[in-house]
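Taken straight from TrEMBL:
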type: DOMAIN; residues: 19-270; note: domain 'Protein kinase'
type: BINDING; residues: Leu25, Gly26, Lys27, Gly28, Gly29, Cys30, Gly31, Ser32, Val33, Lys48, Glu101, Asp108; note: ATP binding site
type: ACT_SITE; residues: Asp148; note: active site, proton acceptor
Amino acid sequence: MNCSSPALKRERAEFEAKYQQHDLLGKGGCGSVFAGYRKVDNLPVAIKHVPNDKILSKHVNGISMEVIVMLKLAAKSEGTSAPVSLLDWYKLKQELILVLERPIPAEDLLDHINTNGGPLDEEEAKVILKQLIDAAIDLEDKHIFHRDIKLQNILIETSSDIPRVRLIDFGLSCFVKKRSSYYVFLGTEPPPEHQDDGVYRAGPTTVFQMGIVLFDMLHTGSFETTKFFANRQRISNYLSKKCQDFLRTSLNRDPYQRPTLKQLRSHPWL
């Protein structure tokens, strides 16, 4: 893929001829996402607008890293815990437009918890977390670091009795080399090693994020790294012993004492 690719020369008119944009679904630091449809077949899509000055990382050829990552994922998607698919993209003068699969019916995990009226029961949380860990392992096997796995970036498809997990928002993602270290934190809730030493790695950080997601599914109030390690936020004693152990293990302050994602997938609680 190079910068002379026709894909980079598409104009807004082509996008508007192909897609109908509707209501705002969400807005974040990296752009805005709207509901929409593909005109030819009324396929539901999500349309993400990212101003060029908000594109945090680019490939060597100037293309957004988010596009490169999603194209790689689309080339070989596996299992039932897959990222939403990138259907189309337009590199315009002022912004990048991504057209993404929009599963219906679906809601993000935060809304799913709120719809439930509060924390989920362990069994439902387990179903969701198993799929989430499988998705994270698939990313790791492809050398992709999502960086920002959280409730708002996890979609729950609700069309069947068993919820299906989908990962969204790869705006902070990157490709990783084995044992790569990172110094500037990009994401929502930093792991303790970044607060303590100013450095973090992909694998242990993703495991820590698995722990945060589970904590948030099973407790009222959002997990906060500083509060948790100051003992101002605790794992509930009402949870099963195996679940408590899973949380303590994945949320270990020492990144070298956390299990790998594949070890976590074999934890007795799962």
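Heads up, the Cβ atoms here are built off N, Cα and C, so glycines get one too.
Feature map: TrEMBL annotations on the structure.
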residue: Leu25; record: ATP binding site; contacts (Cβ under 8 Å, 6+ apart): Val33, Phe34, Ala35, Ala46
residue: Lys27; record: ATP binding site; contacts (Cβ under 8 Å, 6+ apart): Val33
residue: Gly29; record: ATP binding site; contacts (Cβ under 8 Å, 6+ apart): Lys54
residue: Gly31; record: ATP binding site; contacts (Cβ under 8 Å, 6+ apart): Lys48, His49, Val50, Pro51, Lys54, Glu95, Gly171
residue: Glu101; record: ATP binding site; contacts (Cβ under 8 Å, 6+ apart): Val45, Ala46, Val84, Ser85, Leu86, Leu87
residue: Asp148; record: active site, proton acceptor; contacts (Cβ under 8 Å, 6+ apart): Asp169, Gly171, Leu172, Leu186, Gly187, Thr188
Under DSSP, is Gly31 (ATP binding site) part of a helix or a strand, or is it coil? strand
Taking every pair from Leu25, Gly26, Lys27, Gly28, Gly29, Cys30, Gly31, Ser32, Val33, Lys48, Glu101, Asp108, which the record gives as binding ATP, the longest CA to CA distance in angstrom is 21
Cβ contacts within 10 Å for Val33 (ATP binding site), all chains included, total 21
